[in-house]
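Input: a single structure, listed below in structure tokens.
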Amino acid sequence: MDLYEYQARDLFEKHGVPVLRGIVAETPEQASEAAAKLGTPVVAVKAQVKVGGRGKAGGVKIAKSAAEAAERAEAILGMDIKGHTVHKVMVAEGADIAEEYYFSILLDRGERRYLAMCSREGGMDIETLAKERPEALAKVPVDPIDGVDDAKAREILSEAGFPDSEQDAIVPAVLKLWETYRDEDATLVEVNPMIKTGDGRILAIDGKMTVDNNASFRQPDHAGLVDRATTDPLELRAGELGLNYVKLDGNVGVIGNGAGLVMSTLDCVAYAGENFPGSPAPANFLDIGGGASAEIMANGLDLIMSDEQVRSVFVNVFGGITACDQVALGIKGALEKLGDKAVKPLVVRLDGNAVAEGRKILEEFNYPLVTMVSTMDEAASKAAELASKEA
């Protein structure tokens, strides 16, 4: 889960990373009050969106009074930045910037380890720096067990070209950023820029964080980081049900077991949809996972059926750990529960473990909206056809 800047700032502060004061505002009036409360000659009014490039888009503005902060907030709130609407701003105190650095720790999935990146040239787009001047960006592997101690922090800074005389001031911030990364089960902690002020202080003034949703069982506080106001209601409900669900823009609901199979199913539906009026496309990604019970299947189908955008549903299950009879029981249970509310046609393709039992359950159930299809391509085509008729 990507966090907003203000959320990252709060977690940094929690772990002792030196940060500037910042107050979140949702209206120009609140921004004015925040600027007055901070009481600094200059404040930055910063759009809170989970995407880069907000500065170039006009999403970061300087204000020199409370009234000016309100004007800046009014201009920023409601902006569209790369498809993200700005609903909040953070009013942050200004800083006397002498130097700007870059620092991050991330999960390097390819190498199966952590990676620390550091540069003396912060404040600019890091992708551009890495492409145009790769020698200016140090990349140092971090062992997940050993982590970052004083010696490792100095190694990272040395690789980035910081002389020994400058490292003493920066090492404490690096250690606290590592602590944040480790203790919050993050997959990314990034500060750009980390600054040195005119009086020699080191501050993290713009941070990004991504936390691992798979660690939510030991990070109960992370539930409070979910922005319910901007998250799709179906995704919120799916999370409460423990379902791996992503909302898409099409009208064919998709349910499968295993991320690979579901992604292949999305492709099949999109390809098949090109042959029908309106070009039906996938409405969602929903992986019920391995060993799914009838209850999980029923919850998934109930969720998809509640999506007003969905015109047909394609259930594609290859039984391994997941038994096809449990899937069939889940379909039956969901349709019985929905009763007259179940008005969307289902195309079901079952294969593998307990397929005969699963097909028998659905055949005996004999529900008029359920169509059994034997192959994936035929099922995708049928689901797209039904969606085009229902549109």
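These residue numbers are counts, starting from 1, taken along the chain as shown.
The backbone N, Cα and C atoms fix where each Cβ goes, glycine too.
Together with Gly53, Arg54, Gly55, Ala95, Glu100, the ATP site in Swiss-Prot holds one more listed residue from Lys46, Lys64, which is Lys46. Record check: Swiss-Prot places Gly320, Ile321, Thr322 at the substrate site, and the matching candidate among Asn244, Asn251, Asn257 is Asn257. Using a 10 angstroms CA-CA radius around Asn192 (Mg(2+) binding site), the binding-site residues that qualify from Arg54, Ala95, Glu100, Thr322 are Glu100. For the domain 'ATP-grasp' (9-237), the model's pLDDT averages out at 95. Take the mean position of the Cβ atoms of Asn257, Gly320, Ile321, Thr322, the recorded substrate site; other residues of that chain with a Cβ within 8 Å of it are Gly258, Gly289, Gly290, Gly291, Ala292, Val317, Phe318, Gly319, Ala323, Gly352, Asn353. Note on proximity: of the binding-site residues Asp206, Asn257, Gly320, the one nearest Glu100 (ATP binding site) is Asp206, by Cα distance.
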